[in-house]
């Protein structure tokens, strides 16, 4: 299955006065992302502030993105949680919606399952629905790391098609790529590791930076794929300050700040996250402006 090279982990537009998921702003953002380099979108993931979205808000978000997308980009819905039964029920509900190409299922957080528990969790979710499953390994947030051996075992299941790897461990990522089939998708979950992961055989990136430099991310991908590694490396180096700047305070506050500054109204972040202060915003804007110099 081809989900594309640059997949944007989409922020969730919130109405600034009503503090509600905003249909009009969703429509505008989806069109902006597709028109500016995104092959696919992850909806209601970490960058989409999934912990502070209600179930009903997530379903509203999915419906509106599906409607606006109209089949143009691949859509991946975040349905994971630390409750296996809840994840299964939510994934089934999303499957009935139509228009969703795959689900992103995060490693169960807080309850700290061992590798056997992680394996059983993903097997149960994958077997409960026909929607393809992308594993999300992010030990920095979930506390548990899905070991390469566990991912390699899971990759043998027909409905588990890939992994978003945010462990930052290139040795582990290389092992996964080497010991899974060619059609198992391995995506960088960190913008700054996109090029290194491509170099060891990865498929692309689930990106935050592509909200504002999606075309540049595509250019880097295309340069690498065409064999112009020097050009790809040059683009990577030029984008690195922005990639790091977007995580200077908790994500997605910096991304929302830049989008709002560019006229793509996505509103504020929800508590317990807070928006950038004036000093933080000025520094981030200077980084973005420095890319064109």
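Even glycines carry a Cβ here, placed using N, Cα and C.
As given in Swiss-Prot:
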SITE      46  site 'Part of a proton relay during catalysis'
BINDING   47, 206  pyruvate binding site
SITE      110  site 'Part of a proton relay during catalysis'
ACT_SITE  136  active site, proton donor/acceptor
ACT_SITE  164  active site, schiff-base intermediate with substrate
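Overlay of Swiss-Prot feature records on the structure.
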residue: 46; record: site 'Part of a proton relay during catalysis'; DSSP (3 states): coil
residue: 110; record: site 'Part of a proton relay during catalysis'; DSSP (3 states): coil
residue: 136; record: active site, proton donor/acceptor; DSSP (3 states): strand
residue: 164; record: active site, schiff-base intermediate with substrate; DSSP (3 states): strand
residue: 206; record: pyruvate binding site; DSSP (3 states): strand
What are the sequence-distant neighbours of the residue listed as 'active site, proton donor/acceptor', meaning same chain, six or more residues apart, C-beta distance under 8 angstroms?
45, 80, 104, 105, 106, 107, 163, 164, 166, 189
Given the recorded positions 47, 110, 164, which one has the fewest other C-beta atoms within 10 angstroms of its C-beta?
110
Compute the C-alpha separation of residue 110 (site 'Part of a proton relay during catalysis') from residue 206 (pyruvate binding site), stating it in Å without decimals.
23
Using a 10 Å radius on the Cβ of residue 46 (site 'Part of a proton relay during catalysis'), the other Cβ atoms enclosed count 22
CA pair residue 46 (site 'Part of a proton relay during catalysis') / residue 206 (pyruvate binding site), Å rounded to integer, equals 11
